[in-house]
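A.B. asks: First the structure, which I've put down as structure tokens, then a few questions once you've had a look.
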Ligand SMILES: *[C@@H]1O[C@H](CO)[C@@H](O)[C@H](O)[C@H]1NC(C)=O
Ligand SMILES: *[C@@H]1O[C@H](CO)[C@@H](O)[C@H](O)[C@H]1NC(C)=O
């Protein structure tokens, strides 16, 4: 081993290992000296770190001859160093090409996976393809590969392509050739990039505007399958895509595959307008509930307007239940034509408002909350939320006190687990004031949950400035000095929240049992 440490007592131990123990003082010189380093940031007490240790040792020994160094840093002893590299959980592994070129390690925590991942990292990011055979072989070396075709003297295209490859080397394989005949045979003229893929149309060509950004964008778009899969890695991308997402829920991989094939023509027709993706109904069925599908009734289909947070479940009753290209094609066409009403979950409108607090449901939300003449205070609650229960009598009291002013103020509540509401709800209870004349900018209440403070809030923040203090000489039940903590959101909430929550669930469900980080 190259590095021996001064601590004599530990020397014997250290020599037994091919993993280099680094400190604040030795870290930087070490990564400067070694071209490629994998560093593990760990804590001695962390269980996952202990499980990784023998695997890491084994990988270090195999990689030693390839000049790939494995190092570790004890973050309980080297807090500054770990903070510098933004370590937030243990173990965290990072790949270093010098002290400032750092990328996360994205492989599994097994010796073989580490060896394979780091060996790939050690190869040039672009493979030079010398002839037709090597090109042919390269085309199928991975699900998606990119090949650059540019002239021998075209240094600029070569450099740009190289930059992209360095950045995206963990996502795609990159190859390049300057053989003009090969370019011709592929039907492109230099400079060009061809993305070969094992699905959909098989390949896509890029010939315009050789900039890093446009190449990266091309790679992203062309590598996205016509019908992809919603999962922890892809969900955020679909939500950010800016176009609706059509979900195909099915329980088995075989069924998902079959439905993808069946619905391919529909997806083809909507390409660029609606994304289509399958989703594992076994693992993420709950998300179907968020889309107002009947959980358990699979397979199923739904469209989500990611911009407006609206959902359009495909109706599963009746004779047209089958997810055929004809049925779904018709449904999607109607959706595109604006003929499908978004599905809104709602409790029935109460026949009579019996209590002092006005009951709002999705179906009367518009009429009550958006009444432009009144200041409307709305509590968004969940039946199971403890703080909501504690608030209930005080809230009713508040409502009673405002009753004489019911032409100006409404005190209302809505069960946000049973009703789709257009507001973003981050926790229960959430209290918002929709004041007269300014319904699109509700004010969220963040004060203490006392009748007096709530009443003042309605008076001061409302447009009608209704003052109930002294109305009946009331004194409220004492002032709480500290704000009640918010109950963490759970189960089902507001539309956007549900989506965010579902994303988390999707993530949680997919985390490999032996992968989670121990928190700092
Ligand atoms: C790109 O540049 C590198 C470094 O100069 C060179 O080795 C490689 O052959 C070039 N690639 C092509 C396809 O010309
Ligand atoms: C809203 O009400 C609170 C409580 O009475 C008050 O402190 C605050 O200044 C008011 N905000 C506005 C914008 O009027």
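A Cβ is built for glycine as well, from the same backbone N, Cα and C atoms used for every other residue.
Sharing the feature lines straight out of TrEMBL:
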- 46-49: disulfide bond (DISULFID)
- 385-388: disulfide bond (DISULFID)
- 5-190: domain 'Thioredoxin' (DOMAIN)
- 335-463: domain 'Thioredoxin' (DOMAIN)
- 463-496: region 'Disordered' (REGION)
- 1-16: signal peptide (SIGNAL)
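Buried or exposed, and what's around them? Tell me for each listed feature.
C.D. replies: According to its DSSP assignment, residue 388 (disulfide bond) is helical.
In this model, the domain 'Thioredoxin' (335-463) carries an average pLDDT of 94.
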A.B. asks: DSSP says what for the domain 'Thioredoxin' (335-463): how many helix, strand, coil residues?
C.D. replies: 41 helix, 25 strand, 63 coil
A.B. asks: Which residue, out of the disulfide-bonded residues 46, 49, shows the minimum number of other Cβ atoms inside 10 Å of its Cβ in this structure?
C.D. replies: 46
A.B. asks: Give the three-state DSSP assignment (helix, strand or coil) for residue 49 (disulfide bond).
C.D. replies: helix
